[in-house]
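A.B. asks: Following this message is one structure expressed as structure tokens.
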């Protein structure tokens, strides 16, 4: 008699142990492993390979909800600075059906292929895209940057 | 045997603790923290209004805000619609001043932090905004020349102590405005450039005084903020900061599956931007196309940031300078309202289209297409329990 109770209790104990361990594992596991997001590199080749472009916030950090200026640096394939480029900017949030909340513009050329882009504003967290249509002596090409906040 | 029982009890305890505690991922905690009122940065100075933080100007602004004399027939003030004990709104679907307007009165908590004003953002500063209802025939229905005369008569000394001497009123018509009746327009056109500039200057200063007062209207901490503070500090929420299961589910939906936080973000639950969310027009009201029609209006406003009445330099005018002027996304786009306090001030939306939060949530779940332009919201699979939970969470922002 006694032994049956023992086995039953032991069985229960083991079951509880299992559930307990599962609970511990579940509670401590890292959450919401994000699915691989878009490519957020800040330096890339343009679509047809005419330019190397890099796009960075002028003050180093991105702040949500504020007008910011960013720097777009353009080099040719051979590494020469691209001067006097005409740059058109567009973009938006691909997952939300909307374009940019502001119309950023190139406001200055700083030399060495660096263009100041003012009036950027990321109003929401999420995935933003910025597309630059570039045309210069080296030809016309576009480059797309993803910014994830 | 005893040991076994202890062990059993311990395991049961582990399971219970795992179930009972609000359980948020690190990403969720980060989002929740970003919504807490404690994250609201201090109000920035407004360089376009050099009286923005002058106490005497704010005091005069407060007087004017509540003064019925600031209207054509002496019956309407800002506070007729923006009621101080009702979150500075009036609980009506559309505001009523001298006439019946076409939009809902907006609550004013934290408004000084906005880049654009009105549901469609047709003004770009708090002081330029304040001038609009003063001359709107459906609101206060006055005219700027009459306001200037009124200020000189009633508050002349107070005005001059703050803003300096009033202009010379000799030969100024009693009623004149470029926006008024035909007679008022004719009187305006007959004035000299210097006279018009004098009146416009006084008028702009009234706006600047009212704006200085409005800067003090800020949102107050709520149950949600106490909950968020505890959660982020890793402390066990106590007292009314404890969230029910339903409220936790609502919060999780708000920042997760229901996507509300994409637009209602930051400590004020607004991205300060404009979106078409498919809210239907109200039958019988004039056509309302939202932001798309506001662009030309703010550009034409002589009191905008590029205009002659701005203080400081044009570096403050970034919003106007980089404004999106023509894009399909602006059609029937309206400013994202703050959700703080929303639960206790129905009706909702730019013309009071919905009378309860249940209706608002049902609208988002269905995501009907917009009558014009494209709605940015997508249909949501929400059970009745989940809808109730979203509403329960919104209530924590008003307690």
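Just so it is clear, glycine is given a Cβ too, placed from its N, Cα and C backbone atoms.
TrEMBL: automatically predicted annotations, no manual curation.
Annotations for this protein, taken from TrEMBL, read as follows:
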type    : residues            : note
BINDING : B:78, B:81, B:82    : heme c 1 binding site
DOMAIN  : B:234-398           : domain 'Cytochrome c'
BINDING : B:260, B:263, B:264 : heme c 2 binding site
A.B. asks: I'm checking region-level scores; what's the whole-number mean pLDDT for the domain 'Cytochrome c' (B:234-398)?
C.D. replies: 97
A.B. asks: Suppose the heme c 2 site is B:260, B:263, B:264. Which further residues of the same chain have a Cβ inside 8 angstroms of that site's Cβ centroid?
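C.D. replies: My list of surrounding residues reads B:254, B:259, B:261, B:262, B:265, B:269, B:270, B:271, B:336, B:339.
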A.B. asks: Could you round the CA separation between residue B:81 (heme c 1 binding site) and residue B:260 (heme c 2 binding site) to a whole angstrom and send it over?
C.D. replies: 28
A.B. asks: Of B:78, B:81, B:260, B:264, listed here as binding-site residues, which sit with their C-beta under 8 angstroms from a C-beta of chain A?
C.D. replies: none
A.B. asks: Within 10 Å of each Cβ, count the other Cβ atoms and name the one among the binding-site residues B:78, B:81, B:263 with the highest count.
C.D. replies: B:78
A.B. asks: Specify the count of other C-beta atoms within 10 Å of the C-beta of residue B:82 (heme c 1 binding site).
C.D. replies: 23
A.B. asks: Once near-sequence residues are set aside, which residues in the chain of residue B:264 (heme c 2 binding site), 6 or more away, have Cβ atoms under 8 Å from its Cβ?
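C.D. replies: Those within reach of residue B:264 (heme c 2 binding site), by Cβ under 8 Å and sequence separation of 6 or more, are B:254, B:270, B:271, B:336, B:338, B:339.
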A.B. asks: Within the chain of residue B:260 (heme c 2 binding site), which residues six or more apart in sequence place their C-beta under 8 angstroms from its C-beta?
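C.D. replies: Within the chain, residue B:260 (heme c 2 binding site) has Cβ neighbours under 8 Å at B:253, B:254, B:364, B:390.
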A.B. asks: Would you list the other residues of this chain near heme c 1 - those whose C-beta lies within 8 angstroms of the C-beta centroid of B:78, B:81, B:82 - in sequence order?
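C.D. replies: Near the heme c 1 site, beyond B:78, B:81, B:82, sit B:65, B:77, B:79, B:80, B:83, B:88, B:89, B:90, B:105, B:108, B:133.
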